Amino acid sequence: MSDYKSAKEAFVSDNPGSSIFTILAVSLVAWTSYVLYATLYPRSRPSFTFDYLTSALPLLLGVTIFATVPITFNISLITLSLIVCSLSPKSRRRSISNDSQKGKSKGSWLEESDSDEEIAEPTSTTTSTQNTPIKLPSQVALTSAHEYSTSPSPSLISSNPTSPSSTLSVEDPFSKLPNTSNGVNKRRLKIDSLSNPSGSSMYPTNAKSRIRNVSTPSTIQITDDNAKTKRKLPFLSVYRAHMMIMTVHCILAVDFKVFPRWLGKCEDFGTSLMDVGVGSFVFSLGLISLKSLTPSSNTNNKPPNSPGMKLIRKDDPKLSQDLFKAFKKSLPTLMLGFVRLIMVKGVEYPEHVTEYGVHWNFFFTIGLLPIFGVLVRSLRGWVRWSVLGIGISLIHQVILTKFLLQSFLLSPSRPGLLGQNKEGLSSLPGYISIYLLGLSIGEHIQRLSAPPPSLTGVTDNVDDHIKRHYDKRRTELILELFGYAVVYWMSLGGWLWSDLAGDGGVSRRFANTPYVLFIASYNTLFLLGYLLLESTFPDIPTPTLLESINKNGLVVFLVANLGTGLVNICINSIYAGRFLSMLVLVGYSLGVCGVAWILSGKRIKI
């Protein structure tokens, strides 16, 4: 066992890494696989098999068999999408979807909130008398109810408060519903059905708390009383799930020869796909942690970093209370870190000491980040998250180079407990910087889910108004992400070209400033790409498998680590052949994705 452990440690050591272009080319498989999914979805029946073959398996193949030819693999996926689009008709699109929607229930695999179609009931003669039209000022003089009902202008129908089932009917001359007796199509929307997730729009609206108030014949106010309810952002869901799937695949694939060595973590300096995965995990954590670190509310609906934004604190809890809450939330992750430490030391599992140290592991790092976020939260009132993150990184870089910390980290000396874990402790400031940069981007993304302003004009449709509002915000976010991506990539290029610190470049081991800029550049670019894909395929819902992975991300990551340990205990992975390696990896990938799918189907969220 000791001989194999030494061989395994040597197998993963001294990795020089790869170029940034190669990393981007391999990662591009995530984009092209989503294009394939978006092309096949209207022509296929949603299922676990379909989601896995289009959203997970291509990512596994991209980091193993086709890792040496990433451009060819991406072109093949795009070509397959074009062939399917040109040869397969789109007539099956909603017929399949309608059949699946009819079978959706609380016990079905699909989430009820995943539906992107609004249910419109045809009017009936038994309930039409309960819906009294609201006459426009210009129609007050009309005495014939038939003349009013045949008017081509859509009007709002108020609900009868005394009726058993209050409804809101909207005349829609373009509706495909059967004509009523007066020759006008009507769409009846039950007010209490707004809380039904299956009738929600694919756009990130809050169906449960949004109330359509008809105050005048020409005004519809859209209010949001429950600001805590999450709204779905499809591009963000796909980004986070793809990042998790890529990480899950790499942590086991790196133990097999089918996984190219230059994709593994670099020893000291350099860039690689697995180095990106570690930083991207932290960046993604920052994206979704904004709410817990923002006790203030934006009352004037302005951008989070815009001048003149007025913030009003709802409450001002003590710092100790916030730290306790953050620690309580991070406790499961920290406990997993101790469990992993005991298991690794107990079974003499092969480990790379220079990665995080003798006792430290990645669970400790991600568990401490929310706590540090609370500690620096008070500074957000004076500086932006992005400025704060870059500032901490620069101070960390100065300490690394000018105070000889980097030389100590590169030396074999490990005095005491702190010295034994010097890599994990010294890299914390860099990961805190990445976490704060993720919070900065999260502020801009949060604008996309803000409720739209009040609707004026009787000819405007509420859903169309919400859609236009979302499209406008999405365009603004595209421009903002483009600006951030340009700034980050130019800063990284300038730093590497001039070698300002003279430290050798990007280092995940130290989480230095070049590494922070690289992670911010990479993730901002891919967020922009997913947002552009969402704009290209606006009617395609998020794959159910990806939604399932996002709902239980910590469980998925834990199962992946347990599966990785189990595989390495059962077989000598570095000696496995190509066929056996892929067989094990596909089975492992199916198992992890299957756990997420089953938990979602059982409506279990841990």
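Note: Cβ is positioned from N, Cα and C throughout, glycine not excepted.
Because the structure is a prediction, the values reported are computed rather than measured.
Per TrEMBL, these features apply:
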type: TRANSMEM; residues: 20-40; note: transmembrane segment
type: TRANSMEM; residues: 60-85; note: transmembrane segment
type: REGION; residues: 93-183; note: region 'Disordered'
type: COMPBIAS; residues: 111-120; note: compositional bias 'Acidic residues'
type: COMPBIAS; residues: 149-169; note: compositional bias 'Low complexity'
type: TRANSMEM; residues: 359-376; note: transmembrane segment
type: TRANSMEM; residues: 383-405; note: transmembrane segment
type: TRANSMEM; residues: 477-495; note: transmembrane segment
type: TRANSMEM; residues: 515-533; note: transmembrane segment
type: TRANSMEM; residues: 554-574; note: transmembrane segment
type: TRANSMEM; residues: 580-599; note: transmembrane segment
Stretch-level contact, the transmembrane segment (20-40) and the transmembrane segment (515-533), CB cutoff 8 A, at least 3 pairs: yes
When counting Cβ pairs under 8 Å to the transmembrane segment (477-495), the leader among 359-376, 383-405, 515-533, 580-599: 515-533
Interface-richest range of 359-376, 515-533, 554-574, 580-599 toward the transmembrane segment (60-85), CB pairs under 8 Å: 580-599
Cβ contacts under 8 Å made by the transmembrane segment (359-376) with residues that lie 6+ beyond its boundaries: 278, 281-282, 285-286, 289, 292-293, 319, 322-323, 326-327, 329-331, 333-334, 336-337, 340-341, 344, 388, 392, 417, 420-421, 423-425, 427-428, 431-432, 435-436, 439
